[in-house]
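What Swiss-Prot says about this protein:
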| type | residues | note |
| --- | --- | --- |
| ACT_SITE | HIS134 | active site, proton acceptor |
| BINDING | LYS76, SER77, GLY78, THR79, THR80, TRP81, ARG156, SER164, TYR222, ARG288, LYS289, GLY290 | 3'-phosphoadenylyl sulfate binding site |
Amino acid sequence: MTKSETTLSKLLVESELVQECEELLSSLPRDRSVFAEYLYQYQGFWYPPNLLEGVLYSQKHFQARDSDIVLASIPKSGTTWLKSLVFALIHRQEFQTPLVSHPLLDNNPHTLVTFIEGFHLHTQDTSPRIFSTHIPVGSLPESVKDSSCKVVYCCRNPKDAFVSLWHFMKNLIVKEMVGCTMEEMVRFFCRGSSIYGPFWDHVLQYWKESRENPKKVMFVMYEEMREQPQEWVMRIAEFLGYSFTEEEIENGVLEDIIKLCSLENLSKLEVNEKGKLLNGMETKAFFRKGEIGGWRDTLTPLLAEEIDKTTKEKLIGSDFRFFC
């Protein structure tokens with residue numbers, strides 16, 4: 001197929017998908033939100049129309065391979081950092097120390113590891129292919145569920161994830177956010193009406209899947225990774241079948257990867273300070289503090305209590321607990 005034929009095919013697929021999504025929206029529950037004019041509930045989770053199109057696209061067209069790696073999370077839970085770490089550990093033989101020409105120095109992690117719900121034809125030829133997703137586990141494409149591909153899910157404390165989402169949406173200057181108070185956004189967040197929400201359902205379903213199918217899904221906590229990066233990068237590498245050798249560890253390969261992928265280092269790179277993604281989004285929007293417990297600088301005690309109350313209610317009957 002020629003390049004022009006491929007482009008035409010892609011446009012036809014997208015056109016059909018937009019029409020299908022418009023027809024579907026009329027039958028779905030909807031809720032006003034600060035994240036978009038309306039969010040629509042599909043398979044138990046809430047999406048603005050453009051993100052729902054991406055979910056439908058992936059469900060219809062994404063074909064997973066047994067060697068694929070899928071990095072999953074709900075937004076603002078360490079996605080960017082996880083992408084950089086996994087990309088670096090998988091490709092460490094190609095880009096060895098000194099890391100003076102590593103792709104992460106000139107490319108944002110979201111450029112190197114794309115979303116399966118993105119509008120592209122998933123034509124990566126390299127193996128393993130690395131993708132990311134915010135799609136809930138129950139809505140993943142059937143090919144992901146049926147194949148032997150590996151899924152790594154990153155979870156973050158809901159208060160820190162909320163604050164990160166708040167700043168992210170403000171930076172994007174989403175029109176629905178104009179004049180929105182944090183109190184309003186907390187209310188939407190706690191009732192589940194946020195992008196890919198309810199937050200707690202998203203986390204718990206992946207956690208349950210990781211316990212029922214531990215060879216398929218690995219569940220990691222952002223906070224534990226921040227506190228013990230070497231241990232968790234080694235665990236992830238082992239889960240994916242790319243364990244570090246003793247020689248690599250002695251030669252500082254693991255340490256170099258962690259330094260390269262640190263949020264402090266990535267945020268200072270020109271590509272992440274001044275760059276833009278293909279959709280026009282500024283790359284600097286993906287980097288803030290990334291601190292554990294940073295919510296204390298933003299949330300009032302009452303708002304923190306409201307999120308904690310929802311968390312307690314959502315975890316009834318489960319032995320899962322968030323970090324801090």
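Glycine too: its Cβ is placed from the backbone N, Cα and C atoms.
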Length of the line joining the Cα atoms of TYR222 (3'-phosphoadenylyl sulfate binding site) and HIS134 (active site, proton acceptor), in Å: 15
Assigned element (helix, strand, coil) containing THR80 (3'-phosphoadenylyl sulfate binding site), judged by DSSP: helix
Distance [Cα-Cα, Å, rounded] between ARG156 (3'-phosphoadenylyl sulfate binding site) and HIS134 (active site, proton acceptor): 13
Among HIS134, ARG156, the most crowded of the recorded positions [Cβ within 10 Å]: ARG156
Per DSSP, three-state class assigned to TYR222 (3'-phosphoadenylyl sulfate binding site): helix
Inter-residue Cα distance where the pair is the residue listed as 'active site, proton acceptor' and THR80 (3'-phosphoadenylyl sulfate binding site), in Å: 12
Integer Å distance between the CA atoms belonging to HIS134 (active site, proton acceptor) and LYS76 (3'-phosphoadenylyl sulfate binding site): 10
